[in-house]
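Engineer: The active site, proton donor annotation in TrEMBL covers A:Lys195. Residues or ranges marked as NADPH binding site by TrEMBL: A:Lys95. Marked as L-homoserine binding site by TrEMBL: A:Glu180. Marked as domain 'ACT' by TrEMBL: A:336-411.
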There are 2 protein chains.
Amino acid sequence: MALSVGLLGFGTVGQSVARLIVERNDGLLALTHIFNRDIARKRVDWVPPSVVWTERVEDVLDADVVVEVVGGLDPARRWHEAALDAGRPIVTANKQLMATHGHALLARAAQRGVDLLFEAAVGGGIPVVRGLREGIAGDRLTTVSGILNGTCNYILTRMESAGLAFDAALAEAQAHGFAEADPTDDLEGYDARAKLCILARVGLGLDLSPLDVPCESIRSISDDDFVYARRLQATIRQVSRVAIVDDSVQARVGPALVPLTSALARVIGSQNLIVAGGTYGRETTFAGYGAGGFPTAVAVVSDLLAIARRAGGAPAAWPDTSQPTSLTGLQVAPYYLRLVVRDQPGIIAGLASIFATHNINIDAVLQEPGGTKERLPFVITLEACPTAAMDKALVEIQTLPFHVTPPLCLPVLA
Amino acid sequence: MALSVGLLGFGTVGQSVARLIVERNDGLLALTHIFNRDIARKRVDWVPPSVVWTERVEDVLDADVVVEVVGGLDPARRWHEAALDAGRPIVTANKQLMATHGHALLARAAQRGVDLLFEAAVGGGIPVVRGLREGIAGDRLTTVSGILNGTCNYILTRMESAGLAFDAALAEAQAHGFAEADPTDDLEGYDARAKLCILARVGLGLDLSPLDVPCESIRSISDDDFVYARRLQATIRQVSRVAIVDDSVQARVGPALVPLTSALARVIGSQNLIVAGGTYGRETTFAGYGAGGFPTAVAVVSDLLAIARRAGGAPAAWPDTSQPTSLTGLQVAPYYLRLVVRDQPGIIAGLASIFATHNINIDAVLQEPGGTKERLPFVITLEACPTAAMDKALVEIQTLPFHVTPPLCLPVLA
Ligand SMILES: NC(=O)c1ccc[n+]([C@@H]2O[C@H](COP(=O)([O-])OP(=O)(O)OC[C@H]3O[C@@H](n4cnc5c(N)ncnc54)[C@H](OP(=O)(O)O)[C@@H]3O)[C@@H](O)[C@H]2O)c1
Ligand SMILES: NC(=O)c1ccc[n+]([C@@H]2O[C@H](COP(=O)([O-])OP(=O)(O)OC[C@H]3O[C@@H](n4cnc5c(N)ncnc54)[C@H](OP(=O)(O)O)[C@@H]3O)[C@@H](O)[C@H]2O)c1
């Protein structure tokens, strides 16, 4: 008997999931219900006529398993609770919900003895959730890092390769469907942060609250920064990272300089890449297409097949999690500081004295040709120093009178 | 109740598996039996005193699950059969056995209703077997390719980066424990071929016989070839690839030119990388440390945990497989042909006329400085042509009188 599947949401991912199930036609999965608001306009002729189209969530609970691909915290959370309480396993792509309420929902699923699977919530078609939970379960992982947001990566790699300004790269990403009309969640790092919290749960057994993870925007990256980065044999990526360091946890999402030779630098366009660092297996990497209807639907259907094939066994076991006793951002790093100033005597001397006060060593001062007296960009690189010291120095630097645009400070990752 | 684990084999991998289980100490797994020949000399003091050390395989069948990390076809096959017939699930790292007798053993395991898991047989700690079987099960995969042998990759990347000759790089690999005293299986491609057959089974549902997959040695690669490859913006890797093309299957293991910008070129040292190409999710990449006791043990322990957590459910479902109606090597490719000749007039004209006969177009002729009249290396690159045509041309070229060493012909991968 095929597992009957009810879809909550018939947007980009929902339609692709329906397509995959219909095209597979393998006797394991059968699409039986499609729920959406204003359902009439959603009807398509390529799903079997037996499918029930509905605007009532309860109808979908008649299916063996519920796929939630609507998104958002509410009403999605209530739907999840209702489905679990009715003994229905759930497969979802909803990263915000899993990042924010994953702990409670997984506990509820375990109580009811049903599955709540969410491979699609991180890295689209890349099987990293299962990879961390099962594939390298035998290791003791201490770090998870990577490029988790395809929109940011598309924008940054277009700035890098075509020399586009930020706004032009964003407009291009929107025109190509790689960025939404309101790109806030992507650019500010909220989307990547939700995914990072999910990976921290699955890989490191950490129960993080997304709002506690420091997040920096990529909006302040300029095309100049790519010129300087290249001079430093580096480029700029939105990097998400969580690490267990002794008894504390460090996590951060935001732009950073990464060496051109690193795996992160080589992630192009809307791709994603995740690196897990373990005690025994060293580094394991997962990469691929992190978004888009079909890659995401592959993850949803893979989860459905896992449920179909489980054949009465216990649901997937998720690792026990605990809240970290201490959660901070990055603690120590070398830094890249880009300034755009009105030229005047004593600028470097003033900066140098601030750094000296905070025990921060200057590594190099770089200036590309092409600036004007009225608008002079240059870069100072700083040796590894405590982030707290750098933050204090920055506050003082920002009060100096010569800035044309606010200074940009990025960590330099090894 | 912890799952009791019996080990067959206490060598590199077996000892690491034992260490991981002992160090986890998490109540899920308990090491109870260790089997090896001449067991007395194998005893170590860091395993619990309750462990039974034995030279009798039958003793190990008292454990809940058997880990086979001896290797080879015989007697391993008989041990597998005995364990499955006794209703014991098996976890193994034995790629030769799974490549050659995987079909029969998996059928036997299914009949007995027990698991036969082999994540460790391919890519060490990289969870690619599970990734293909479950993680992207929802996709329809058509290709699997990658770098599956860390020994070859170590040798080739050392030739590339340090300019070593083949023999020097091999000696270095042996000194560092990256190559065995008898490196035949690695260099000739037999090891990678076994892994490729396992991935073809798990990812593409193909039942291939390793002996049917064309395999070429890396022994004939010289340091000169890396100089020419670099001029072509490429490098040389041992590449394993299987693809479903219409109704037939193409598979090959052997050295090839790969672009410097490709993911394959960036796999350094003893690392492995596997790329799966699908209809819906496009390309998904898995990478990490493909060998070594601990990474391999991570895969074994991950499989053990999957069995421990399954808690009475059905064993893992493997895809149905079928034998290909047609299995060939590469069918069409651009080629790199390196010759070392005694210089004389008319060499190029003679080669050109052979290529013309076979309808093969010359792309370029390259010659680096430094050759002598007595030993003159040069390279001809050829536009994409049928492999059959290239093979015929090569036979004729080999009979020409001016060769100092046999010509080397490598496909150029996109
Ligand atoms: N797209 C991707 O590449 C991707 C990748 C990974 C994960 N995800 C996740 O997958 C989920 C779905 O994403 P998507 O791209 O498919 O979004 P989408 O195209 O906006 O689809 C959402 C669907 O849900 C419907 N919907 C929204 N609110 C509803 C409500 N209150 N009641 C009933 N129906 C409602 C929408 O109907 P209307 O047509 O009326 O708006 C739409 O059909 C999200 O959690 C997202 O984060 C997406
Ligand atoms: N090493 C790796 O990095 C790696 C990676 C992936 C997969 N694998 C696979 O893992 C398996 C084990 O590899 P390994 O590197 O651990 O090999 P190994 O170090 O040679 O260990 C094999 C062990 O089995 C014992 N043994 C061999 N034949 C036996 C027999 N007939 N009866 C009883 N005991 C026997 C050996 O005993 P002696 O000490 O008496 O020889 C040795 O202790 C192989 O299938 C290999 O392909 C290895």
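Backbone N, Cα and C define each Cβ position, glycine as well.
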Engineer: What is the Cβ neighbour count of A:Glu180 (L-homoserine binding site) at a 10 Å cut-off, with all protein chains included?
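Structural biologist: A:Glu180 (L-homoserine binding site): 12 neighbouring Cβ atoms within 10 Å.
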Engineer: Quick one: pull the CA-CA distance for A:Lys95 (NADPH binding site) versus the residue listed as 'active site, proton donor', whole Å only.
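Structural biologist: Answer for this pair: 6 Å between alpha carbons.
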Engineer: What are the non-local neighbours of the residue listed as 'active site, proton donor', defined as same-chain residues 6+ apart in sequence with CB under 8 A from its CB?
Structural biologist: A:Lys95, A:Ala99, A:Ala121, A:Val122, A:Gly123, A:Leu148, A:Asn149, A:Ser240
Engineer: Counting by DSSP secondary structure, give me helix, strand and coil numbers for the domain 'ACT' (A:336-411).
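Structural biologist: Grouping H, G, I as helix and E, B as strand yields 23 helix, 33 strand, 20 coil.
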Engineer: What is the total of other Cβ atoms whose distance to the Cβ of A:Lys95 (NADPH binding site) is within 10 Å?
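Structural biologist: By my count, 26.
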Engineer: Should A:Lys95 (NADPH binding site) be counted as helix, strand, or coil on the basis of DSSP?
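Structural biologist: A:Lys95 (NADPH binding site) sits in a helix per DSSP.
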